[in-house]
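Peer 1: Here's the feature list from TrEMBL:
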DOMAIN    162-281  domain 'Phospholipid/glycerol acyltransferase'
TRANSMEM  55-74  transmembrane segment
Amino acid sequence: MDRRYEQGVAESGETAEQLDEQVHAYFYPFKRVSGQWSVYEVCKTALLSCTLLPLRLLLLLIFLIVLWLVAALVQGSPRHGEEAVSSSGSTPDSSLNQKIAGRLAGWQMRLVRVIPRLARLALALCFGVFWIRRRSPEPSSLSPQLKPVSPRASLARRSCAYTIVSNHLGYLDILVLLAVYSGSFVAKEDIRRVRFVGKIACAIQCLFLGSSESVTQSIVGRTQRAHACRVLKQCEGCSDCATNLIIFPEGTTCNGHAMIRFRRGAFAAGLAVLPVVVSFPYKHFNSSWESILFKTHMWRIMTQFVNYVDISELGVYEPAEQEKVDAHLYARNVEKLYSQHLALEIYDLNRKHKLMYHSYLLGQKTAGEVLELASQEKLADPSLTTFEAIP
């Protein structure tokens with residue numbers, strides 16, 4: 001591997017340090033950015049690793065078992081996925097999701113509502129997230145297409161926006177968004193077979209995607225079906241329209257210091273969305289899960305006294321007529337709102353670029369190889385083509 005690296009350096013005419021800096025700068029949204037180790041942080045981590053960490057791990061296991069039991073009870077509900085599909089006139093996204101979607105009895109719906117409350121409790125006791133600060137931007141900074149929503153507004157006031165879009169910083173923001181919005185998520189079908197997590201994901205009506213399925217078509221089908229159920233009142237109430245669908249349009253996690261281009265799947269239905277911004281203010285440890293081993297991240301996050309989370313609702317975004325027929329333009333305009341609100345640069349990258357960067361960090365590819373592959377991916381991905389946003 002060293003020989004291949006030296007060969008790449010020799011061919012490029014640049015030093016190893018220059019190439020390394022170039023790679024980290026190119027893939028900056030995926031670079032691990034966190035606080036520096038200090039004497040205080042070392043002593044605190046050592047102390048809490050022996051005291052608080054074992055307790056938090058035990059509590060996490062207990063929460064997973066309780067959540068699994070609640071989800072198991074919910075899974076005993078009768079299904080009417082076919083009714084939901086036929087009533088909306090939409091194409092079903094998959095047979096799997098048809099089986100999951102169904103009418104829940106009253107007591108089962110109450111059990112589903114217990115899951116976000118347990119998630120909120122787990123955030124506090126296991127991860128030190130004692131407060132989730134809710135913020136709203138100044139009205140003068142909002143786009144004309146945004147309808148401001150109070151942080152304390154009920155879900156009914158957001159009913160015109162079935163889809164919630166959010167930036168993605170790691171597994172922690174999934175728990176945060178679940179606790180705040182009681183929503184469901186888009187997940188790979190393999191998640192359904194993960195112990196504990198799979199059954200919980202089914203209970204909260206996650207949209208599962210198979211390897212042969214179109215992500216965009218599946219999301220559009222679910223969104224249109226829920227729109228017909230919730231807004232047009234074309235069904236008596238099914239689990240599809242009982243929860244909001246939460247989507248991470250970037251398609252992967254970033255480090256919180258930069259953004260990547262939004263995918264168009266969340267916007268292809270041409271319906272209103274609710275943009276939500278999640279941020280993790282930090283001094284010692286960045287809670288975003290980016291380019292760091294899961295076990296290391298879990299260890300560090302559980303050895304912090306407190307972890308902070310901020311949520312900002314940018315308001316319900318009603319797409320213009322041009323955006324309704326052009327999902328790329330719609331995605332680019334919402335992406336621009338995030339960039340302005342967070343004051344972050346947007347990089348023309350996608351999830352495949354992240355995998356390339358990780359292959360470099362693991363020593364599987366040289367700097368020259370990953371930069372060449374990244375350039376080829378940019379040319380192959382039409383979503384990375386520049387679109388002019390509506391002013």
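From the backbone N, Cα and C atoms, a Cβ is placed for every residue, glycine too.
Whatever TrEMBL says is automated annotation, not expert-curated.
The structure displayed is predicted, hence computed values, not measured ones.
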Peer 1: Going along the chain, which residues at least six beyond the ends of the transmembrane segment (55-74) come within the CB cut-off of under 8 Å?
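Peer 2: The answer is 104, 108, 111-112, 114-115, 118-119, 121-122, 125-127, 196, 199-200, 202-204, 302.
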Peer 1: For the domain 'Phospholipid/glycerol acyltransferase' (162-281), what are the DSSP-based totals of helix, strand and coil residues?
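Peer 2: Grouping H, G, I as helix and E, B as strand yields 46 helix, 24 strand, 50 coil.
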